[in-house]
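Database features (TrEMBL):
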{"type": "DOMAIN", "residues": "19-105", "note": "domain 'Phosphagen kinase N-terminal'"}
{"type": "DOMAIN", "residues": "135-381", "note": "domain 'Phosphagen kinase C-terminal'"}
{"type": "BINDING", "residues": "138-142, His201, 304-308, 335-340", "note": "ATP binding site"}
Amino acid sequence: MSAAKPDPYFDLIIDEDLKKNQWPQKLIASQKEGGNMSLMCQTMTKEMFEKLKGLKTSSGGWTVARAMNTGTLYPTSFVGCHAGDLESYSLYKDLFHPVIEAYHKGYKMDGSMKHVTDMDVKKITEDLSTSTKSKIISTRIRVARNLSFFPLNPGGSRTTREKIAEHMDKVFADLPDDLKGDFFRHTTMSDQQRQQLIDDHFLFRGKDKMQAASGYHQEWPHGRGIFVSKDKTFIVWVNEGDHLHIISMEQGGDVRSVFSRLSRGIEAIEKGLKRVTGRAEVFMTDPILGVITCCPSNLGTAMRGSVHIRVPKLIASWGFEKLDTLARSKDCQARGSSGEHSEVKDRIDVSNWRRLGFSESSLVQDMIRFANSISDEEDKLK
């Protein structure tokens, strides 16, 4: 009986040349064509590939062929390369450092700059205006974290994912009372539980070709799960892409409340992991790169702070593209109400764009300032 055909939305499909550790013909064609290419496509050369192709990381066995697979298969993916472990960023620095500097404008990878994590809510000094608050539907701030004693998920396995989930099961059981909730495994949740999580817009379901090409979705759905607090304001995705996505959210525009809960949640999870594992340090970090993530775009704070804001007149008058262009000029990003590439109707998702080299509080303030500015523009329209 023939093997089942790989599913590009979930299975790891590797470019045929990269599978043989050869310079990919598909990349040659993409680079000749030019246009809207990923940062990897813009950076990688045949000479660089030949220099790096014989290397392999000691912790995760990551290769440059695996690192560049997403951007080879999907040349227009924005970044196009992923790390399999912390060592990837140094062993393949010829690729990753230019990509990081191109994405995180102004940040230098020559050792002259450091990233410092700061979750102090008191340092958020900007405020949403009364008019802006009246337009905000919900506020959500999330961060990624990876456990330092496992490979990153593109280089992980079913075993490593399941071990991470087992650790988190124990951590969730001992969270403070205001964060307590339930951990639902993708492999064991009931149909009723699954439907409720879908209805609440909490459940992550994979099914992304570009993420699958990095190795995010291997062994789906094993080792995946979602923790939801009793009041549904604190959520943790386990092994969606990075090991953990820690999320604080609530209706309305109380940004400080959301940020404060997130800070307490991260601290509680870190403390719990140290207790469960007996390790002094549990999160994967680096003095220059900050919080380590699979995708170079999330390095640094690994944080996205966002509000859903209702601006129907501005959307109708300006169009989404103009709004997003303005957002980028203000160090923010505009997306559809259900995330990137989603439909835009009467509201948009506004979030910080920068991550590396900036404090978490300053990035939340980027988002607040831009939300205020488009609220003002909405008010001007009749």
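Cβ coordinates come from backbone N, Cα and C, glycine included.
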Arg304 (ATP binding site), number of other Cβ atoms within 10 Å: 22
Sequence-distant neighbours of Ser138 (ATP binding site) in its chain (C-beta under 8 A, six or more apart): Met249, Glu250, Gln251, Gly252, Val307, His308
Under 8 Å by Cβ from Ile141 (ATP binding site), same chain, sequence gap 6 or more: Ile247, Ser248, Met249, Val255, Val258, Phe259, Leu262, Met303, Arg304, Gly305, Ser306, Val364
Neighbour tally for Gly336 (ATP binding site), based on other Cβ positions within 10 Å of its Cβ: 15
Across the domain 'Phosphagen kinase N-terminal' (19-105), average pLDDT on the 0 to 100 scale: 95
Around the Cβ of Val307 (ATP binding site), the count of other Cβ atoms that are within 10 Å: 27
Tally of DSSP helical, extended and coil residues in the domain 'Phosphagen kinase N-terminal' (19-105): 46 helix, 0 strand, 41 coil
